[in-house]
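Features of the protein shown, as given by TrEMBL:
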type: BINDING; residues: Cys19, His32, His188, Cys192; note: Zn(2+) binding site
Amino acid sequence: MNSIELPSIIQGDDATKRCWWCGDDPLYIEYHDTEWGFPVSDDQRLFEKICLEGFQAGLSWITILKKREAFREAFCDFEFDRVAKFKRTDVTRLLGNQAIVRHRGKIESVIRNARIAQELTDEFGSLASFFWRYQTKERVVRKSRSEIVAISPESTAMSNDLKKRGWTFVGPTICFAFMQAMGIVNDHLKDCHLHKKVEQAQKEFRVP
């Protein structure tokens with residue numbers, strides 16, 4: 001019996017072709033259309049994203065996306081110099097915040113990772129300079145959801161490097177999702193209306 005392949009591209013009421021994963025949720029569609037895959041060099045956004053990917057572990061991204069503004073308010077807009085100064089009282093405060101994911105390990109991880117982020121900026125000049133070292137020169141164009149991978153050699157290398165420095169909640173899968181979202185790789189499917197736009201944005205992007 002032949003298995004039925006699920007659609008890789010969806011077409012909404014506006015007739016725009018998009019990657020299947022954003023579904024019909026307006027917030028998810030906006031995230032897909034305006035953020036996901038476009039190259040990012042801003043350290044604050046990079047730190048925010050990798051922290052939120054850690055919070056997503058075991059959950060769906062849409063769950064985190066709906067709580068993102070609450071996370072930003074709770075973690076000082078993810079300004080890692082400020083988060084690095086958080087104390088036990090801040091952990092207690094965050095554990096009582098019903099608007100975010102109240103997981104002690106993940107909350108403490110963000111604070112610890114903020115301190116390591118400071119060390120990385122001292123060493124590399126910026127977080128962007130560190131993360132973009134893992135961009136592959138090979139351009140991979142994926143045509144269907146069955147071709148999408150969860151990890152890559154680069155995400156594994158990034159994960160290993162971060163872990164060696166003491167960063168937590170940064171497995172290879174989390175790192176690859178981070179790379180996809182921040183434009184380090186372009187995983188918009190070939191027929192998605194954003195594939196070429198992101199490809200062009202990558203060409204014009206000045207790697208830190």
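Note: Cβ is positioned from N, Cα and C throughout, glycine not excepted.
Because TrEMBL annotations are produced automatically, they should be read as predictions rather than curated entries.
Taking the centre of the Cβ atoms of Cys19, His32, His188, Cys192 as the Zn(2+) site, the nearby residues of that chain (Cβ within 8 Å, site residues left out) are Arg18, Trp21, Cys22, Trp36, Gly37, Asp187, Leu189, His193, Leu194, His195. In this structure, His32 (Zn(2+) binding site) is part of a helix by DSSP. Within the set of binding-site residues (His32, His188), the lowest number of other Cβ atoms found within 10 Å of a Cβ is recorded at His32.
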